[in-house]
Amino acid sequence: MAAAAVVHLSVHGRLRRSPELHARPYHRPSLLRCRAFKQEADNGGEEASSSPPPPTTAEARRRRKGPLYKLKAAIQGLAGSRSAAAEAYGGEYQRAVEKAEEIFFSVATQVGRYVITMMSSGVVLGVGFQLSGGDSQMNTLIWYSWLGGVIIGTMIGANSVLEEHCKAGPRNVVITGSTRGLGKALAREFLLSGDRVVIASRSPESVLQTINELEENIQEGLSVAKKKQREILLHAKVVGTSCDVCKPEDVKKLVNFAKDELGSIDIWINNAGTNKGFRPLVNFSDEDISQIVSTNLVGSLLCTREAMNVMQHQQKGGHVFNMDGAGSGGSSTPLTAVYGSTKCGLRQFQASLLKESRRSKVGVHTASPGMVLTDLLLSGSSLRNKQMFNLICELPETVARTLVPRMRVVKGSGKAINYLTPPRILLALVTAWVRRGRWFDEEGRAVYAAEADRIRNWAESRARFSFTDAMEMYTENTWVSVFSLSVVCAFIILSSSGGPLPGT
C-alpha cells in the first residue's frame, strides 16, 4: 500500500511535503501578484523612472467605484479640516473611513432587501384587497396575514444578519472525499470565503493535484478581487492528506493532522461516498456491497465519532455534516438498493445523535445537495435517467455556492441544509420545458463543459446575478408568507364566485 502523502499549500505560496514525497518531481505553482504590488528596482529599492507613477489608493478607488467615491471625495473636501486630521493620523483615519463605508453599505444592502420584500408583499396585499370586493371580513383576514408575515420575516431577517456578523471570520473545515465532484466544489467555495480547508482522499496523487488546482483558483480570485475580497482570500489555506474513511487508523490520522495544521476544527463534512451503478441487487458482487456500505455508512460513523471527540473539548464546539442522498427518507430506491439503504441508515444515525448530543457543544446536521452531476450519479445511468437529469440536476459548483454560506453560519443542532429549496423547486417546474437538453442531448451525450473549462471562467460566472440568486436573497419563510397570501387570494376568488367555475 502506498505511503500516506501529506501536502501543505497556502495562498502565500509556501509548499512543503512529507518525506514520502520528496523523491517525486513537482512543479511549483506560479503565483500572480496583486494589483497593488509595486515593482522595485535593484538599486536600493527605487522605482524605475521610466514608468509612470502608480495612482494613489484614493485615485484608484475613484476610478473603480465611479460617482460614489467622487461624492465621498467632495464631502471630504467640503469638510476642510479632515485633510489635516488624515495627515495627522495617517492610516488610522483611512482605515476608520473604510470601516464606516463597509458598515454603511452592509446596512444599506439589508435595508434595500427589506424594502423590496415589503413592496413585493404589498403588491400581493393590494391585489387581495381588490379581489375581496370590499368585504370587511376578508380585508381584515388579508391585513392580519400580511402583518403577521412582515413581523415574522423581520425577526428572521434581523436574526440572520446578526448571525452573519457574529460568525464572521475564517473557519477551519475538514471535508472527506474532496478531490473531485461535489467535495472538491465545496472545498473551493470554502476557500473563496477565506476559510482554511483540509481535503482528504484515498489517493495521495489526487490530493496533490487537487491542492494545486485549488491554489490556482485562489490566485485567480486574488487577481480580480477588490480590496475587501482580497483581504478575505489572504486568509485562505488548503492542506491535504490521504485517508481511507473505512479504516479507523486512517480517520484518526486525519483528525490529528487537521488539529496540527489548523489548531481546531469548526466544520467537518462527511462527503466521501460511492455507488456502483444502477442495477438489481442480485447483480452486485460481494466486493461492491462491502465497499458501498463501508464508505457510505461505516466511514461516516467513524469520522463523526472522531470529529465529535475533538469538538466536544473545544471551547466553541463544532458542527458535523452528513450528506443526504436517495433513500434518506425511507423511500424505495430501485436499482440502487445498497446505496439507498446506507443513506436511510444515516438518517436513523442522525436522529440518534441528536438525542445523544442534546447537551453537547457539537452540532450534528444533514446536508442535502439534491441531484448533482458527478461521477457518482452518472455511473451506470440510462438514457431515461439522463433525460430526467436535465430537469433537476445541477453542476457541483452551483450546488456548493448555495450550501457553503449556510454551512458557515449554522448554529445549534439538527439543521437540514437543502439545495432544493421551495423557490428552486418552483423554478424547475416552471422552466421544465426550457431545461430539456440542458446537460444531455436526445441520445444521452453530455453537452455541458468539462470541469476544467467551467472553472477557467469561474470568477466571471460568480459575478453574475441570476434570477435564482435573486430568489435566494430572501429566506424560505419570506416565500412561505408570500405563498400563504396567494392561497388567501385564491380562496377569495373561489368563495366569491357566484356560480360553478367553467369546466366544473
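Any Cβ shown, glycine's included, is placed from N, Cα and C.
Quick look at what Swiss-Prot lists:
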- 1-33: transit peptide (TRANSIT)
- 41-63: region 'Disordered' (REGION)
- 114-134: transmembrane segment (TRANSMEM)
- 141-161: transmembrane segment (TRANSMEM)
- 175-199: NAD(+) binding site (BINDING)
- Tyr339: active site, proton acceptor (ACT_SITE)
- 479-499: transmembrane segment (TRANSMEM)
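Features per Swiss-Prot, on structure.
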residue : record                       : Cβ within 10 Å
Ile175  : NAD(+) binding site          : 25
Thr179  : NAD(+) binding site          : 25
Gly183  : NAD(+) binding site          : 26
Ala187  : NAD(+) binding site          : 30
Leu191  : NAD(+) binding site          : 26
Asp195  : NAD(+) binding site          : 24
Ile199  : NAD(+) binding site          : 28
Tyr339  : active site, proton acceptor : 23
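Following the DSSP three-state reduction, the secondary structure of Tyr339 (active site, proton acceptor) is helix. In the three-state DSSP scheme, Ile199 (NAD(+) binding site) is classed as strand. A gap of 24 Å separates the Cα atoms of Ala187 (NAD(+) binding site) and Tyr339 (active site, proton acceptor). Taking the C-alpha atom of the residue listed as 'active site, proton acceptor' as reference, the shortest distance to any of the binding-site residues Thr179, Gly183, Leu191, Asp195 belongs to Gly183. When secondary structure is read from DSSP and collapsed to three states, Leu191 (NAD(+) binding site) falls in the helix class.
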